[in-house]
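K.L.:
My questions all concern the structure below.
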Amino acid sequence: MDKGNHTTIEFIFIGFSAIPELQFFLFASFLCIYNISMAAHMFLIVLYNLSSNLHTPMYFFLANFSFLEECYISTITPNMLKNLLSNHKTITFYGCAVQMYCFLLLGSAECNLLAVMAYDRYNAICHPLLYNVIMSRNACVKLIVSSWLIGLMVAIIQTFLTFSLHYCGPNKINHFYCDIAPLMALACSDTRFNEIVIFMLVLCVVVGAFLLTIVSYTQIIWAILKHYSLAGFKKAFSTCSSHLIVVTIFYGSASVMYLRPKTSYGTDTDRFLSLMYTVIAPLLNPFIYSLRNNDVKVAVKKMLKI
């Protein structure tokens, strides 16, 4: 690797090269998943915008979540698909920086947006009379913008720190995209400061957002047990359970990936966990939200005139 000019540096993805006989099968599978994910999220965005009964804060957040997910999977999947069919699985130094920046921006924004959605459900169930005042259109927009701004801050800090390291040796990234840990493993300089910053940011953003979500749902459960009938409990649980499933999949895989000790990193485990929140979760999320939601089912029937 060139020590003096970063523009000449190329990284090589190892990705799934260890199983060459499955390259085409993986390509076909991931292409199918990507197309279904993009179509499902686009359908939900259109549905939320065209259906008057979905013009509420909850579905405003869901529409933004679907848009974020489309951007999120498009940051990783197209390049991964190209590499599965290519003998030259390379990416430039600055191309890798852009991919990491976009991935961190969108991933951090998604963490915050999931917490915002939990806060919305908390207000809907615990403060129903004040809900429209608390979750006004202006407040919803501010919460969305705040989610993106926090993601922007995290992405700038982490990308700058990672790509300010000195890379002078091996250039093979033992992953299928430019993630922080595999890149730092290639650095010739000391990475201890970077590791501390990663841990602190993940603790503040991912764990912080997760704790806010847990607190919101603790209050929701307490309010349901105190004030709601059995029918009300079922309705509230049906509304919140979809979000809880999405939260568990996303926060669970992301926390295990970035908070475990460095000595416990395993390349196969890393790739599996990364696939969970970069490929599999975006496929499942629109179906979890739509198939378990009566309002969405009604809106779909109206749109299709069933």
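Here the Cβ of each residue, glycine as well, is placed from N, Cα and C on the backbone.
Pasting the feature list from TrEMBL:
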type: TRANSMEM; residues: 24-47; note: transmembrane segment
type: DOMAIN; residues: 40-289; note: domain 'G-protein coupled receptors family 1 profile'
type: TRANSMEM; residues: 59-78; note: transmembrane segment
type: TRANSMEM; residues: 98-119; note: transmembrane segment
type: TRANSMEM; residues: 140-161; note: transmembrane segment
type: TRANSMEM; residues: 196-225; note: transmembrane segment
type: TRANSMEM; residues: 237-259; note: transmembrane segment
type: TRANSMEM; residues: 271-291; note: transmembrane segment
K.L.:
If we skip the immediate neighbours and take only residues 6+ beyond the ends of the transmembrane segment (271-291), which ones have a Cβ under 8 Å from one of its Cβ atoms?
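P.N.:
Non-local partners: 16, 30, 33-34, 36-37, 40-41, 43-44, 62, 65-66, 69, 72-73, 76-77, 103, 107, 175-177, 179, 242-243, 245-246, 249-250, 253-254, 256-257, 297, 300.
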K.L.:
What residues in the same chain, six or more past the boundaries of the transmembrane segment (140-161), come closer than 8 Å to it by Cβ-Cβ distance?
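P.N.:
Same-chain contacts beyond the ends: 57, 60-61, 64, 97, 100-102, 104-113, 116, 119, 180, 193-194, 197-198, 201, 205.
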